[in-house]
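What TrEMBL annotates here:
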type: DISULFID; residues: CYS158-CYS176; note: disulfide bond
type: TRANSMEM; residues: 21-43; note: transmembrane segment
type: TRANSMEM; residues: 63-84; note: transmembrane segment
type: TRANSMEM; residues: 96-118; note: transmembrane segment
type: TRANSMEM; residues: 239-260; note: transmembrane segment
Amino acid sequence: MQRRRGPNFTYVSGCVKYMIFVLNFIFWLSGGLITGIGLYAFIDKWQATGHIKLDTVYDVILNVSLLIALLGSVVFIVSFAGCIGALRENTCLLKFYSLCLLVLFLVEMGGAVCGFVFPRSLHGILENSFTERIVRLYRDDPDLQNFIDFAQKDFHCCGLTSDGYMDWSKNEYFNCSSPSVERCGVPFSCCINATDISSGLVNIMCGYGVQNYPVAEASKRVWTSGCIEIVRSWGERNLYTIATVALGVALSQLFVIYLAKTLEGQIELQKARWQT
């Protein structure tokens with residue numbers, strides 16, 4: 001015969017508890033893996049170059065390996081708090097976990113609103129604040145160089161701003177006053193046909209002297225549009241897809257926050273009942 005539950009009956013849902021635990025355990029492992037990869041790349045670059053400049057915030061933001069390690073560490077710590085908080089029914093860890101998710105959600109929403117409301121302002125800030133620093137660090141930072149080459153090849157762009165391929169005049173290796181053989185040139189990743197089909201070899205000299213040509217002539221050899229403009233145009237063409245993915249991510253975050261707050265409330269009710 002089943003007992004009737006009283007009006008003060010409370011319980012901790014095992015479904016909610018272990019759902020939070022499993023989700024965060026997966027993110028915890030992923031965060032540890034990402035952190036390990038970032039640290040390995042950072043140490044490997046340190047050993048290869050002999051020094052790493054971290055004097056300003058820009059140096060940290062533009063250091064790809066260090067940024068990956070920092071992001072992985074954040075995921076590792078937050079998911080660890082959610083994992084242990086759910087397993088051990090620790091309300092302090094659960095509050096920390098739900099607060100971190102809420103802050104992340106608000107930051108994402110703020111970034112999305114700023115991106116739609118102030119596109120021109122953000123475009124100007126990116127051009128003025130980061131372009132020259134990024135271009136100057138090319139060749140000095142192997143990770144950043146690989147990232148820029150990857151972006152230019154995949155998005156068919158050259159440089160960052162509306163100046164396009166002429167952005168590379170700000171780099172000490174590619175400006176026209178440089179004693180380097182690459183003066184007045186651009187990286188090979190800007191070239192429309194950098195790879196020789198017959199031999200499969202990359203022609204690293206394909207962008208030499210391009211800055212001396214007008215846009216019409218240069219466009220026959222290299223991509224002339226800046227990557228920021230290309231990415232912005234790509235985002236406008238795929239706006240509905242991006243919005244759908246962003247909405248899915250946002251709803252998932254809100255759902256996990258709801259689960260965490262639900263579990264936290266159930267635990268506190270149980271503790272209150274034990275005390276009375």
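Note that Cβ sites are derived from N, Cα and C of the backbone, with glycine treated the same way.
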(request) State the residues, same chain only, that lie 6 or more residues beyond the ends of the transmembrane segment (239-260) and have a CB under 8 A from a CB inside it; answer 'none' if no residue qualifies. (result) 16, 19-20, 23, 82, 85-86, 94, 97-98, 101-102, 104-105, 108-109, 112
(message) Radius 10 Å, atoms counted are CB only; among the disulfide-bonded residues CYS158, CYS176, which position scores highest?
(response) CYS158
